[in-house]
Amino acid sequence: MINFSLLTSIVLLASKVVGVSPSYNGLGLTPQMGWNNWNTFACNVSEDLLLSTVDRIAALGLRDIGYHYVILDDCWSDGRDSDGMLVPDSTKFPNGMKHVADYLHGKDFLFGMYSSAGEYTCAGYAGSLDHEEDDAAFFAKNEVDYLKYDNCYNRGQFGTPETSFNRYRAMSEALNKTERPIFYSLCNWGQDLTFYWGSGIANSWRISGDITAEFDRPDSRCPCDGDEYDCPYAGFHCSIMNILNKAAPMGQNAGVGGWNDLDCLEVGVGNLTDDEEKAHFSMWAIVKSAMVIGADVRNLKPSSFSIYSQASVLAINQDPAGAPAIRVWRRYVPETDQHGQGEVQLWSGPLDNGDRVVALLNGGAKERPMVAYLEDIFIDSFVGSEELSSTWNVYDLWANRIDDSTASQILVGNRTANGLLYNATQLSYADGLKANDTRLFGEKVGTIEPYGLLNVTVPAHGVGLFRLRRESRK
């Protein structure tokens, strides 16, 4: 049944944000990459944690591969002073936030901070509702480059798209007023159809409740399943597949300057298998989600480090076209896992240079052969089209992954990442793709003939991820 009241609110809201957005800031031309402390450390934050993490990210080559934002989440403040200005916790941050920003900037990182569009933050600290201009000035004064803006204790100011839009627009306008470029990342859990209005005021927006390090485990704390993209109660402890399925219809509302954020990466967090971590990283990359590390980078295992440093996958995420892949089909399979879950999916999306990304995702409990036909990969093409009548070379985007032995040597300091990992600081992903840098294209593993198919074997809870390149005609 169509909710005409809700539809009317959306139409009215859209009419207000058509054209040049007042919050457009020139940021977010590709999805943000970085690190956030929450998934591993929660409220256990400090100056030492941030600075030691920065040093580690740089030493491992992860900064140069693209992880530039270091984002301090909740629990950093000690309330407000007599003038109503935010005060950092002097025990956790004895030198203040400007000192942290200076250190990060000196190491060629960007500094992110956190607040909430509510009376309090989610952990009960001072929120920014009705303090937007003062708090934006605080962030600008401390040379913050990124704001994650949460949704807790919002005084009931939600329920329609326009209500939530107005609450989040207040901080957007306050940030712009400072004239400092600050990436604005909404964290309202997809409430009130954020994907319809987020791009008018922000650079990214969360689409669901908080992620947990589970591949496809139902949890009553994340009450909406993956078919409910407009979830009235987002909750938390949402699995990877739950969030991915919620994201499936939303790609049409994201692009250059404004991205769907599927939450931080759980690679290296919890007990996901290697195939699950690869699938998680791959799917976040192709839907053009934020790629924000949620693990303790000071204690990464080799396999997780090699996933975070896989440039051929990151090149899909950072592709200048900014076109999220779409889910072409989704089918349930009888081989369910211990949680009763089992499905397979095909995803496909265009890339800037005419290539195509293809993902065959196996959410079932057993390894299985999977097939993708060209007419499904190019779902919008017609019989006789150039796409269907061409020959395509198939490149495996995980084939050139660094091995655990090499990753271990880098992690213990016996080998440098320089010259081994891709350096997007020296050569951007856009320029590397133009230059046909082989590190960004994977390894050729086959060919699809005109009107043909891709046939691969995909492990349980795993993915086959490929770049298709049109074969040159003689």
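Backbone N, Cα and C atoms are what each Cβ position is placed from, and that goes for glycine too.
Residues annotated as signal peptide in Swiss-Prot: 1-22.
What Swiss-Prot lists as disulfide bond is Cys43-Cys75 (among others). In the three-state DSSP classification, Cys43 (disulfide bond) falls within coil.
Using a 10 Å radius centred on the Cβ of Asn44 (N-linked glycosylation site) and all shown protein chains, the other Cβ atoms total 10. Residues or ranges marked as N-linked glycosylation site in Swiss-Prot: Asn44 (among others).
Annotation comment: Swiss-Prot describes Asp73, Asp74, Lys148, Arg206, Gln252 as substrate binding site, evidence class similarity to another entry. Long-range Cβ neighbours of Gln252 (substrate binding site) (same chain, at least 6 residues apart, Cβ-Cβ under 8 Å): Ile326.
Taken from Swiss-Prot, the feature disulfide bond covers Cys122-Cys152 (among others). Take the CB of Cys122 (disulfide bond) and look out to 10 A: across all protein chains shown you find 20 other CB atoms.
In the three-state DSSP assignment, the secondary structure recorded for Asp150 (active site, nucleophile) is strand. Taken from Swiss-Prot, the feature active site, nucleophile covers Asp150, and the record attributes it to similarity to another entry.
Annotation comment: Swiss-Prot describes Asn176 (among others) as N-linked glycosylation site, evidence class sequence analysis.
Under DSSP, Asp210 (active site, proton donor) is assigned to coil, being neither helix nor strand in the three-state scheme. Close to Asp210 (active site, proton donor) in the fold, though at least 6 residues off in sequence, lie Trp189, Phe236, His237, Cys238, Asp263, each with a CB less than 8 Å from its CB. The active site, proton donor annotation in Swiss-Prot covers Asp210, and the record cites similarity to another entry as its basis.
Marked as disulfide bond by Swiss-Prot on the basis of similarity to another entry: Cys222-Cys238 (among others). Cβ neighbour count for Cys222 (disulfide bond) (all protein chains, 10 Å cutoff from its Cβ): 26. Classification of Cys222 (disulfide bond) by DSSP places it in coil, neither helical nor stranded.
Taken from Swiss-Prot, the feature disulfide bond covers Cys224-Cys231 (among others), and the record attributes it to similarity to another entry. The Cβ of Cys224 (disulfide bond) has 19 other Cβ atoms within 10 Å, all protein chains considered.
As annotated by Swiss-Prot, N-linked glycosylation site applies to Asn271 (among others). Under the DSSP three-state reduction, Asn271 (N-linked glycosylation site) is assigned to coil, being neither helix nor strand. Listed in sequence order, Ala213 are the same-chain residues at least 6 apart in sequence whose CB falls under 8 Å from the CB of Asn271 (N-linked glycosylation site).
Mapped onto three states, the DSSP output places Asn414 (N-linked glycosylation site) in coil. What Swiss-Prot records for Asn414 (among others) is N-linked glycosylation site.
Cβ neighbours within 10 Å of Asn423 (N-linked glycosylation site), excluding its own Cβ and spanning all shown chains: 19. The N-linked glycosylation site annotation in Swiss-Prot covers Asn423 (among others) and is backed by sequence analysis.
All chains included, 10 other C-beta atoms sit within 10 angstroms of the C-beta of Asn436 (N-linked glycosylation site). Among the features that Swiss-Prot reports, N-linked glycosylation site is placed at Asn436 (among others).
According to Swiss-Prot, the feature N-linked glycosylation site maps to Asn455 (among others). A strand conformation is recorded for Asn455 (N-linked glycosylation site) in the three-state DSSP classification.
Remark: of the disulfide-bonded residues Cys43, Cys238, the most isolated position is Cys43 (fewest other Cβ atoms within 10 Å of its Cβ). When the recorded positions Cys43, Asn176, Cys231, Asn436, Asn455 are screened for a Cα within 10 A of the Cα of Asp73 (substrate binding site), the ones that qualify are Cys43. Between the CA atoms of Cys231 (disulfide bond) and Arg206 (substrate binding site) there is a gap of 12 Å, rounded to the nearest whole number. Long-range Cβ neighbours of Lys148 (substrate binding site) (same chain, at least 6 residues apart, Cβ-Cβ under 8 Å): Asn36, Ile71, Asp73, Gly112, Met113, Tyr114, Ser115, Ser185, Cys187. Long-range Cβ neighbours of Asp74 (substrate binding site) (same chain, at least 6 residues apart, Cβ-Cβ under 8 Å): Trp38, Ala42, Cys43, Tyr114, Ser116, Thr121, Cys122, Ala123, Tyr125, Asp150. Other Cβ atoms within 10 Å of the Cβ of Asn455 (N-linked glycosylation site) number 14 in total over all chains.
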